[in-house]
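Here is what TrEMBL records for this protein:
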type: DISULFID; residues: Cys214-Cys276; note: disulfide bond
type: DISULFID; residues: Cys222-Cys240; note: disulfide bond
type: DISULFID; residues: Cys228-Cys232; note: disulfide bond
type: DISULFID; residues: Cys472-Cys479; note: disulfide bond
type: DOMAIN; residues: 509-570; note: domain 'SH3'
type: MOTIF; residues: 306-312; note: motif 'SH3-binding'
type: TRANSMEM; residues: 9-28; note: transmembrane segment
Amino acid sequence: MNLRSSNKILAQAAIILFFFWVIALILLTRPLLNNQQSEVSNDVLQRLSKAVSELENLKVRNQELQWILTNFSHEAQSGKINENVVERLRSTLEDKIRVPISFGGLEKKLVSGPSKEYEVKRRAIYRGVQEIWYFVQQELEKLKKKGHDQSAPELASLIQEILNSGKEHEIVLLNDLQELSSMEGHDAWRTTESRALSDLVQRRLHYLQNPVDCSKARKLVCNLNKSCGYGCQIHHAAYCFIMAYATKRTLILNSKKWRYHRGGWEKVFLPLSDTCTDPSGLDRSNWPGTNETQVIELPIVDMLSPRPPFLPLAIPRDLSERMIRLHGDPQVWWIGQFMKYLLRYQPETQKMLDQAKEKMNFKTPVVGVHVRRTDKVGTEAAFHSIDEYMLFVADFFNKLEMKEKVAVRRVYLASDDPSVLPEAKKKYPDYEFLGDVSIAKGAAVATRYTDSSLRGILVDIHMLAHSDHLVCTFSSQVCRLAYEIMQTLHPDASSKFKSLDDIYYYGGQGPHQQTAIYSHKAHRTGEISMEIGDVLGIAGNHWDGYSKGINERTKQSGLYPSFKAVDKYNIVDFPVYSEVAVAA
């Protein structure tokens, strides 16, 4: 609720209190005016006694109302006002003063929330501040390097001072934007809408996975054992689940002799269905089959043909407006919902994670850092030193310390390289590092498919997802999985990350496109020109103010300013699941 609405309510309450005070004053003075020349009669004494009694009652009610309004004011200032709070205030006031009260439709205004355009623009400004700093920082770093190369240490020193001051400016601006977002009073709506939208998707998935008659249900069979690591296999299962949702078929996940646990999926996570786990049916076919085929077997995404339109990064049309309004990256939010249903822990698994969290004293504020090495370096990703990660860890805590005191700079460090944790502790003694070297040893290729390795990767992903900020490389499936899960824990965690390499992507995804919202004429080597409305196939963000892609109109490939384009969402007709009611 904004301050104006809060003040309006307080004013209404003040008028009510003034009304009762006037009544009391009349009761006190009327008999005195009528009997100015005579002695106080018994009737007057009775009236005075009654008036004093009324005043005592008013005093008690006044104290009660002050308590109510003080608490309401605190809730208003904290941004926690919602429809229930307003209704509670209204009913409490009516009960105390016995007068009907209306806040003029304020309750409905509270739950309607901000417009989609407002939310999109608010997040665009936040990203714009980041992008302009990426550009300025990179250009100044180039100048500083020239100063060193040309033996101009004074110039290099001056540029470093500018960089330091500029970074502080960026931090203050981003903090101000976040505070402004809280001050405008829509945080309660964002929390409520996030829960409502997630609840709707989860109920749809439960409906899909629990048909009344399994023997007649249409099914999609998916073999979990894809030849890849844990993050890759979970993403494979999520791809299968999205396909099941889009075709309105119950997903049967074949996890017998799963490489990560010989007992199968249900030994670690809850079953995907309470009523239907039998993969049999009257007829069976490989993808795509027909609408009448009861059981369809699904290949890995790399072998999928024909490729349907609803593969990631597609989002469902019937929910798209709500998703775009709520979240800075609705494509990731959508995938996160499938992870939320898939990765429901068995009680034993949850207990193991809780014990690990307690043992290492995992608490906020904490930054999750994932350093992927071993089989990735030199093939799918470049080598990044621990210093590169810690630059962005420091940024997070510097930003936080602008607002509050940070007693401990805490970092959860996950890696498949056992040497990383000791190195970080030695280099950065001012930080408290949480982690387990034995997990890193178990993540090595030779020991990856063991029970202890599975426990280690479960702990790492759980802690990374529950961190306040994530620093990693999106070329890693583990990093992307933690980021997807993070979206299920907050109304919008789309900006709670820093990737040292790729932008977010999903293995086997459809085209990732952007739309130019400003025109641009190439003026540097390697740049491409674009007009407003041009569709750009984005290949990546260089985190220096520029992104790389292809202009699908001109077929030119190269760099373009990141702030001049926005994501073009692939909005697709999924089933609307009319059988599952939308919560009021």
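Every residue, even glycine, has its Cβ placed from backbone N, Cα and C.
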Residues of the domain 'SH3' (509-570) by DSSP state, where helix covers H, G and I: 3 helix, 29 strand, 30 coil
Spatial neighbour of Cys232 (disulfide bond) that is closest, considering only the disulfide-bonded residues Cys214, Cys222, Cys276 and their CA atoms: Cys222
Distance [Cα-Cα, Å, rounded] between Cys228 (disulfide bond) and Cys222 (disulfide bond): 15
Residue among disulfide-bonded residues Cys214, Cys222, Cys240, Cys276 with Cα closest to the Cα of Cys472 (disulfide bond): Cys240
Euclidean distance between Cα atoms of Cys222 (disulfide bond) and Cys276 (disulfide bond), Å: 14
Between Cys222 (disulfide bond) and Cys214 (disulfide bond), the C-alpha gap once rounded to whole angstrom: 17
C-beta crowding around Cys214 (disulfide bond), within 10 angstroms: 18
Residue with minimal Cβ packing [other Cβ atoms within 10 Å] among the disulfide-bonded residues Cys240, Cys479: Cys240
Spatial separation of Cys479 (disulfide bond) from Cys240 (disulfide bond) - C-alpha basis, Å: 20
Length of the line joining the Cα atoms of Cys214 (disulfide bond) and Cys479 (disulfide bond), in Å: 36
Least Cβ-crowded entry, counting other Cβ within 10 Å, from the disulfide-bonded residues listed as Cys228, Cys276: Cys228
Cys222 (disulfide bond), number of other Cβ atoms within 10 Å: 25
Confidence summary for the motif 'SH3-binding' (306-312), mean pLDDT rounded: 97
Cβ-based isolation winner (fewest other Cβ atoms within 10 Å) among the disulfide-bonded residues Cys232, Cys472: Cys232
